[in-house]
Amino acid sequence: MTAPHTSANDRVIIFDTTLRDGEQCPGATMTFEEKLEVASLLDSMGVDVIEAGFPIASDGDFEAVHEIAKRAKNAVICGLSRAGAKDIDRCAEAIKPAKQGRIHTFLSTSPVHMKYKLQMDAAQVYELVISSVTRARNHTDNVEWSSEDGTRTEFDFLCKCVEAAIKAGASTINIPDTVGYSVPEEYYDLFKRVRENVPNSDKAIFSVHCHDDLGMAVANSLAGIRGGARQIECTVNGIGERAGNTALEEVVMAMKVRNDKLPYWNKIDTTMLTRASKVVSAATSFPVQYNKAIVGRNAFAHESGIHQDGMLKNAETYEIMLPESVGVKQTSLVMGKHSGRHAFIHKLEEMGYKLGQNQLEDAFVRFKALADRKKDIYDEDIEALVDLEIAQSHDRIKLVSLTVIAGTHGPQRATMKLDVDGQTKIEEAEGNGPVDAVFNCIKALVPHVAKLELYQVHAVTEGTDAQAEVSVRLSHEGRSVTSRASDPDTLVASAKAYLGALNKIVMKRQRDMAAPAAAAS
């Protein structure tokens, strides 16, 4: 927890929108179960407000928000809504089970948005601000209003809309830098001036929401806080549309490490930041770049001889924060084929995993199989293995075995055995290379029209026996799904990743088919 100050005026509310704005990032779609896991972790680590989704967008989004609202223990559960009555009412229904619920309604206010997107004039927009907030306020006393494209909105009109929204009952006012256009000095000045010019500004909490199109989302968010905002809207790993959103882990640690210049506090348990990063990365199949601040693999790694020498003498020579403060251990416990079940369970608990008995047994079997093929097992290996086990626990299509014949001459041929809904299927296929042969096998065993958009491979750890981690993105009916899998055998990892994406498509189709039936009953 980052709380050296006790003044309520210095407290910053952390509003996480990983499950809403983050999931809007192309290819970052999460399953229902993955959303519940991410929400549970965010709740546990001290996030104040979880924006769980956009209920009107789909039945799946509604169900996820509704279920998260049921399960949340501490966080306010928020749903996003446009300004229309149907949107607001649907959002209210979704958050109804929450101990603390919030409706977040928004409306564009910039000249370019009003003219081309809304095709409305300023007077119409102003009236809609009032009516939408009033309707939301009839459902809950916790209403947030956002001025979409607020940083490109004419200042006087922005102040007029903010004043009206507060008067209509909004307790939080968000002025987002929707297109990532602002610079810190400008964003600081905007909040300072709005708060000075809106007569009832003291009756609401002001919020920042920044995008990273110019690489300044974190800097702008902190500038907005200095300008008087007291809520930061952010996502784990900074995922989001286009270049992404403000990274939760970065703003939280900036306030903690540089509290001398940023004298604010929040309730986040920073030791859970790395775990949150890994869970979101696994759920979205978006790898975290190695040099990512705070949670990147190299954030606490030192290879230069000069740096290593300094670190050995005193860690403060090159580290401005302790690795343990963000949940990173300085040393990795190396495990191998002689490690037993007890040691494995202890290691999982140490790493923050909580598995069911069946998942635990399956993960241990996978671990022992990996240990027989790999000399040393590192934390990264175990994370990759367990994340795959969690992802596959709901799969309807599972890989049983794979044999590939490849070489410099002759065709590349793959033979694959799959378990499809409990039924074993075997097929052989050729391809232009071993990976193509593997994917052709899958297409023969499970006929589908999904298109391969992305295929990437990188090593989980170092060495010739390192596990390969493969990312596969498939597009189906205008929707992209991404999956990752790891294995010492690159071709096996490729098959698992492709099947993982295919399983997501199957689960999505199954949920879409179930929704009308549930509504009819």
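Glycine is no exception: its Cβ is also placed from the backbone N, Cα and C atoms.
Since the structure is predicted, the reported quantities are computational estimates derived from the model, not experimental observations.
Taken from Swiss-Prot, the feature domain 'Pyruvate carboxyltransferase' covers 12-274. Annotated Mn(2+) binding site per Swiss-Prot: ASP21, HIS209, HIS211, ASN245, in sequence order, evidence recorded as sequence analysis. Annotated region 'Regulatory domain' per Swiss-Prot: 398-521, in sequence order.
Features per Swiss-Prot, on structure.
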| residue | record | contacts (Cβ under 8 Å, 6+ apart) |
| --- | --- | --- |
| ASP21 | Mn(2+) binding site | GLU51, GLU233, THR235, GLY240, GLU241, ASN245 |
| HIS209 | Mn(2+) binding site | THR17, SER146, ASN174, ILE175, PRO176, ASP177, THR178, GLU233, ASN245, THR246 |
| HIS211 | Mn(2+) binding site | PRO176, ASP177, THR178, VAL179, GLY180, ALA217, GLY240, GLU241, ARG242, ALA243, GLY244, ASN245 |
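Sequence-ordered, the extra residues of this chain that approach the Mn(2+) site, with Cβ no more than 8 Å from the Cβ center of ASP21, HIS209, HIS211, ASN245, are THR17, PRO176, THR178, CYS210, ALA217, GLU233, CYS234, THR235, GLY240, GLU241, GLY244, THR246. Residue counts for the region 'Regulatory domain' (398-521) under DSSP, split into helix (H, G, I), strand (E, B) and coil, are 43 helix, 53 strand, 28 coil. Classification of HIS211 (Mn(2+) binding site) by DSSP places it within a strand. Annotation note: ASN245 (Mn(2+) binding site) sits in a strand segment as assigned by DSSP. Mean model confidence of the domain 'Pyruvate carboxyltransferase' (12-274) amounts to 97 (pLDDT, 0 to 100 scale).
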